[in-house]
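**Student:** What follows is a single structure, and I will ask about it in a moment.
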Amino acid sequence: MSNSFRLVLAIFLSAILTFGSWSLAGAQVLPGTAAPAEEGAAGTGIDPALAEALVQALEDPATRAALIEYLRGAAGASRPADTEPAPAAPTLSLAQRIGAYTQGAAEAASAVGIQIVRSVYGLAGLLEGTTTIGWEAFGSLVLRVILVAAAAFAIFYLLRLLARRPFASLERRSARVGTVGRLVYRLAGGLIDLAIILVSWAAGYGIALFTGAEMGRMQVQIAYFLNAFLVVEATKVALRFLLAPRYGGLRVLPISDTEANFWYFWCARLIGFLGYGILFFVSFTNSTLSFAAGRGLRMVIQITAAVMAIVIILQKKNKVGEAIRDYGEGLPGISSRRALQLVGGVWHIFAIFYVVALFLVSVTRPDRAMEYMLVSTAQTLVAIAAAALVMAVIRRAITGGMRLPEDLKARLPLLERQLNHYVPTILKIVRFIILMILLLAVVDIWELVDVVEWAASDTGSSVIGGLFGAFLTILIALVLWLAVSSWIDYRLNPSFGTVPTARERTLLALFRNAALVTLIVLGLMLALSQIGVNIGPLIAGAGVAGLAIGFGAQKLVQDIITGVFIQFENAMNEGDVVTVGSTTGVVEKLTVRSVGLRSVDGNYHIVPFSSVDTVTNFMRGFSYHVADIGVAYREDIKEVKRLLGVAFERLREGEHKDVIIGDLEMFGVNELGDSAVVVRVRIKTLPGSQWAVGRAYNEVVKEVLDEAGVEIPFPHLTVYMGEGKDGTAPPLRVRSSPGAKSEPERLVEAIEDPDPQA
């Protein structure tokens, strides 16, 4: 069986076991309830002598005028007293209100218990023999009712036996059609079933009218039974329409035969027990024995039916709960799955509560039990359906996300991501609010608490207005944040408007952080003020806390103050290459407290401003590439300078011509090193291009010097053997150590050795 149909089955059968049964129980009001009213009406007669005197007084014009003046004077004298303000009701504390509420609840529960005991005690009169009964007439009436009931049931079951063939034919035909066709055949079967009941009911009336002692007349007790027969069996038709325990092909709910037979068995017996018990047996007892016995019998039937319903609910607790949880697993939203998981574990508690509510209403208000339960149940179902519909729309909006037009997305590239981040959170809050409204609506529908009256009171309107104002304040703050953030994104977008400078990017980033902090603080303060919190002490406390933090967190204060002055002096901006302390990198993030640097090896460094004593910025105005070129001592320095100039001209003709903003500056020989003569030159470039220009220039210098045969020395060691002033040097004398063999001698020995050793 599919999960969805299991859930439908659970809801349907729970309603059948509870509401359907007590609807029958509330269909009859105890007789005699209008007697006190009638007695009161009868007892309101006027004394004839007094009436005659009043008529004579009104017929005399003078007496009538005097009476009118007297009444006017009395009315005028009573006006000041009427206009006096009523004394204000004393204000109760929370403990007093809770005590009054629990006192009322306890007294109401006690009254219900006393009423139940008194009703059941009414049956004791039959057992004790205090009720006078004409047994001969009573026995004759009972026999007459039994005969009519036997005839009606005999006709009913005979017709159902004859209808098996049409039902079987409808079942065979329904197997060859779809869902709609199966429903049509099931409706046809239901109409046949209902026709059988109507024929049996009419036959019962005919037998009662034309087979009695007096032709054309019948006892009212027989009418009680026949009407109960019609109501009960018609209700069972609706039950068979859904479950069809014998004809699975005509079954509306796709459940197994075992489950269909189980639910039909217990639901039918519960309906029959309540229907025949209250509509017939209670009415029969009231009309033949006594109203006290009828009330007692009614109470026993209601208690027994409630116990039966609770036992059936507990018996199917796990199976229905498992069906609800399985249905929840197929839902897309996590919150929906969790909600149904929770419902699957506690559904039986709500069902039992519903049964108990039906019982209490039928006991305390039997005259309007059916109306109350019908209206309350319908309103609850409508409220749940409306809330479920709204939550489904919200869930679709959360899972689907928001899509902005392409032109707006191009102008505000981060707006869609921000909306998809904040809007689902807002919708979840709205969904929670809807759930709370649903719970309050259900509580008000079942008259547990008068929510409408509380909402109209000063306290309720203050609470609701405060919560709504707080939510609206937070929503406005969020909208302002989205507007500020979107404007900053638009200003930082180089594709629209002017290209932002590094300074603008830095200030806009700082403005974004400042706006976020400001909106959070102001939004929370205003939201708290909306719900009745006095924010004056909070502001004063924040000032005191600020002083305490200032003394206790001096490093943090130093970070902020140093960061503020660094921004005032425009020492660095986002995208600059700087050296802060001992760390060099590109500025990726800049706040009033710290700077985030990305070094050339990819590491990210966060440097607090309190540890910064020097800021070296490589991106201000222009830059230089300083090149130290080493050549051999034997090379001509003038030729080397000329070749370095040739290399510069070749570099300026290439791809770097746009970033070189000056001529080559020749510094000359900068150092006489151990193995090279170092010649220094300098190239002026745009800021940030000095490193790329330097690498390209080194490459060109290598090519030019290689073409000219100029040696670029590398570190090496020269052994000096001595040299005369005439340039001659003594010969180098080299000899082997005593006993050492030359390489040729060792090779000859190795060849002649027959067993050489490694």
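Even glycines carry a Cβ here, placed using N, Cα and C.
Keep in mind that TrEMBL annotations are predicted by a computer and have not been checked by a curator.
Not measured: the values here are computed from a predicted model.
Grabbed the feature section from TrEMBL, which reads as follows:
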TRANSMEM  141-162  transmembrane segment
TRANSMEM  183-210  transmembrane segment
TRANSMEM  222-243  transmembrane segment
TRANSMEM  263-284  transmembrane segment
TRANSMEM  296-314  transmembrane segment
TRANSMEM  339-361  transmembrane segment
TRANSMEM  373-398  transmembrane segment
TRANSMEM  419-443  transmembrane segment
TRANSMEM  463-488  transmembrane segment
TRANSMEM  509-529  transmembrane segment
DOMAIN    516-554  domain 'Mechanosensitive ion channel transmembrane helices 2/3'
TRANSMEM  535-553  transmembrane segment
DOMAIN    556-618  domain 'Mechanosensitive ion channel MscS'
DOMAIN    626-712  domain 'Mechanosensitive ion channel MscS C-terminal'
REGION    725-758  region 'Disordered'
**Student:** Out of 222-243, 296-314, 339-361, 419-443, what stretch is closest in contact terms to the transmembrane segment (263-284), meaning most Cβ pairs under 8 angstroms?
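**Tutor:** Answer is 222-243, with the largest number of Cβ pairs below 8 Å.
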**Student:** In terms of Cβ proximity under 8 Å, which residues at least six beyond the ends of the transmembrane segment (463-488) contact it?
**Tutor:** 412, 414-415, 418-419, 422, 426, 429, 433, 455, 508-509, 511-512, 515-516, 519-520, 522-523, 526-528, 530-532
**Student:** Taking the transmembrane segment (419-443) as the first stretch and the transmembrane segment (509-529) as the second, find out whether 3 or more Cβ pairs fall under 8 Å, excluding pairs closer than 6 in sequence.
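**Tutor:** Checked: the transmembrane segment (419-443) vs the transmembrane segment (509-529), no contact.
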**Student:** Six or more residues beyond either end and a Cβ under 8 Å away: which residues meet both conditions relative to the transmembrane segment (509-529)?
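**Tutor:** Long-range Cβ neighbours of the transmembrane segment (509-529): 469-470, 473-474, 476-478, 480-481, 484-485, 488, 535, 538-539, 567, 574, 589-592.
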**Student:** By DSSP, what is the split of the domain 'Mechanosensitive ion channel MscS' (556-618) into helix, strand and coil residues?
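**Tutor:** Result for the domain 'Mechanosensitive ion channel MscS' (556-618), in helix, strand, coil order: 16 helix, 25 strand, 22 coil.
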**Student:** Short question: which residues 6 or more past the ends of the transmembrane segment (141-162) have a Cβ under 8 Å from it?
**Tutor:** 193, 196-197, 199-201, 203-204, 207-208, 212, 219, 221-222, 225-226, 229, 233, 284, 288
**Student:** Mind looking up the mean pLDDT for the domain 'Mechanosensitive ion channel MscS C-terminal' (626-712) in the predicted model?
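**Tutor:** Here the predicted model's pLDDT, averaged over the domain 'Mechanosensitive ion channel MscS C-terminal' (626-712), is 91.
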**Student:** On the DSSP side of things, how many residues of the domain 'Mechanosensitive ion channel MscS C-terminal' (626-712) fall into helix, strand and coil, could you say?
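**Tutor:** Helix, strand and coil residues of the domain 'Mechanosensitive ion channel MscS C-terminal' (626-712) number 35 helix, 24 strand, 28 coil.
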